[in-house]
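Novice: Feature annotation from TrEMBL assigns active site, proton donor to E183, E426. Sequence annotations record features per position, and here TrEMBL assigns active site to D315, E448. Summarising the annotation, TrEMBL assigns disulfide bond to C380-C412. Residues or ranges marked as Ca(2+) binding site by TrEMBL: T532.
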Amino acid sequence: MARRSSSSSSGAWRYLNPAYYLKRPKRLALLFFVFVAATFAFWDRQSLVREYESEISKLEDDINRLHDQLRKAGVHLDENPISNKIFRKDLVEIDPVNNERREKVKEAMLHAWNSYVKYAWGMDELQPQSKNGINSFGGLGATLIDSLDTLYIMGLKDEFQKARDWVAESLDFDKDYDASVFETTIRVVGGLLSAYDLSGDKVFLEKAQDITDRLLPAWDTTSGIPYNRINLAHGRAHNPGWTNGDSILADSGTEQLEFIALSQRTGNPKYQQKVENVITQLQKIYPSDGLLPIYINPHSGTASYSTITFGAMGDSFYEYLLKVWIQGNKTEHVKRYRQMWETSMEGLISLTKKTTPSNYHYICEKNGGSLSDKMDELACFAPGMLALGASGYGPEKSEQIMNLAKELARTCYNFYQTTPTKLAGENYFFHAGQDMSVGTSWNILRPETVESLMYLWRLTGNKTYQDWGWDIFQAFEKNSRIESGYVGLRDVNTGEKDNMMQSFFLAETLKYLYLLFSPPSVISFDEWVFNTEAHPLRIVPVHDNKGNGTPVRPFGRKQGKPE
C-alpha cells in the first residue's frame, strides 16, 4: 500500500514538472491552449458582468422615471424602486476584503445608532460619556434625521422604520428657538429630502417643506443675501453678534442644492428663486480670482474685508457651485455655476503651496495680500470636489486638476498619520523644512478626508484610497469608540476623550466609509449628488423637473466643538 501510494504520488507530481512538458511538445501545446481558453472565458465573463450591470442600471433608471410619473399623478407607492437596488444582495460579486470592511463600518453605525437610541432618543446629539442627550440644534432630532439615509443605504430597515415613525409622530418645528439657517438646511432639510428620495415616503417631503417655509423669511433682505439665524416659531431673522451684522459666505451660499431639490419635488418655484437670487447677487461682486471673503453684507450685498479660505466659513460655497451644475444636468441654465466654480479653482491653485522635505501640497488662507500657511481639516473636502469636477475640463486641464486632488488627498491622509493617535487635528501649520504641525489639536469625528477618499477611489479606481480610509476607520475604532457610542478627542496627541458624538459622524463619516468599500453602483454619481452633510439627492432628469428652470458657525463646515 505504501509503495503504491508513493508511486501514485510521484506520478501526479510529474505533471507539475516543466521538464515533463518540454519532452512532450504536443502536451505542452494542449496545456497552452487550455490556458488561453480559460483566460478568454474569464475575461468574457467579466465583460458580461459589466454589460449586465449597465443594463440593470438602465432598467432601474426607467423604473425610477415611471415611479416619479406615478407619484406626480397622485399614485403613491409604498416603496421606491431604488430601494430594491440598495436592499437586495449585490448581483455582482465584490472584493471580499471590501465586503468585510463595509460590514465592520455597518456594525460601527449600529453601535453609534443603538447608543443614541438608548441614551438620547429624539434629542439632537448624544453625550456618550455622561450617557445623556443634548439639544444642540433646538431639539429637532438632528442625529435621528441625519441618520435616516445612512440607515436606509446600509439596509437597516427596522432602525429606519423606527426613525421614520418618530419623524411622522413627534417631529415638531414650532419652536421658539433661533436656529442656524445653514445647519438646519444641510442637516434637517437635506436629511428629510434624501430620506424621501430613497424611500418615496411623503411624510419626509411634507416635513421638509414645513421647515423650509419657516426658514424662508431669512432671505427677506435688501440684497437677497440671507440672514444666518431665524426664530422657527416667529420668523424673526438676524445675524449672530460676533459677525458685526455680516452674513457668512458658506452659511449664505450652501442652501442651493436643498432648495432647488424642494422646488423640483413640490412644483413650487419659490425655494429655488430665493437661493438662485443669492448667486445672482454674488455674481455681481465676483472677483477675477473667484475668491470671496467669508463675510458678506446682507443689506448692500458687498463683501467685507475678511479672510479668504477653503476652510471654516468659506468651504461649502465653492462645493455647491459645482454640485448645482451637476444637479442641473450640466445644462445651459446652470452653466454659470460651473463657470464661477472654474474661476474659483484658479483661485484655489493660486493659494496652493508645497512643503519641504515631503512635498505635501496644501491650501493657504489669504488675509489681504498675504498668505497664511495654515489649512483646516475642513478644507480636506477639496480633493474630492476637485476630482468630481475634473471631468468637466479638457484633457490637459482635467489631468492637472486630478493630480492636484491626489496630492491634496495625500496631505490630508497624513494629517492623520502624523499624530500619535493617527487621528487628525482641527488644523495644521506648515513650516519650511518641517512639513506640518498640528495647530488646534482636537478631533471631533469629522468626515472631510474620508469623503475625498471615497470620491478619489470611485473616480480613479485606485485601491490605495480604500486602504487609507481603512486606516482612518481603525483609528476611530481604537481611540473614539466606547461602550456607549463614539466620542471625539480633546487632544490627538494624548488621546484624551471629549463627551460628544457629533451627528455628522453618523450622517457623513460612517456613510462615506461604507460607500468607500461598496460597489460604485450604490448611490451612483450618475444618479445622485451629495449635499455638504452627505445626504444624497437624486438628480432629476430635465424633462421630469416640475420647477421653473433647473435648477453660526465659527467652527466650520459643520458646527461642532469638543465638550
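Cβ atoms here come from the backbone N, Cα and C positions, even for glycine.
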Novice: Hey, which of the active-site residues E183, E448 is the loneliest by Cβ count within 10 Å?
Specialist: E183
Novice: Out of E183, D315, E426, E448, T532, the recorded positions in the record, which is closest to C412 (disulfide bond) when you go by Cα distance?
Specialist: E448
Novice: Can you count the other CB atoms that lie within 10 A of the CB of C412 (disulfide bond)?
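Specialist: Excluding its own Cβ, the number within 10 Å is 30.
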Novice: Just to be sure I understand: of E183, D315, C380, E426, which recorded positions have a C-alpha no more than 10 angstroms from the C-alpha of E448 (active site)?
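Specialist: The recorded positions close to E448 (active site) (Cα within 10 Å), listed in sequence order, are C380.
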Novice: By CA distance, which of the recorded positions (D315, C380, E426, T532) lies nearest to E183 (active site, proton donor)?
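Specialist: Comparing Cα positions, the closest of these recorded positions turns out to be T532.
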Novice: Given the recorded positions D315, C380, E426, find the one whose Cα is closest in space to the Cα of T532 (Ca(2+) binding site).
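Specialist: Nearest candidate: D315.
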Novice: From the Cα of C380 (disulfide bond) across to the Cα of D315 (active site), what is the distance in angstrom?
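Specialist: Per the Cα atoms, D315 (active site) and C380 (disulfide bond) stand 10 Å apart.
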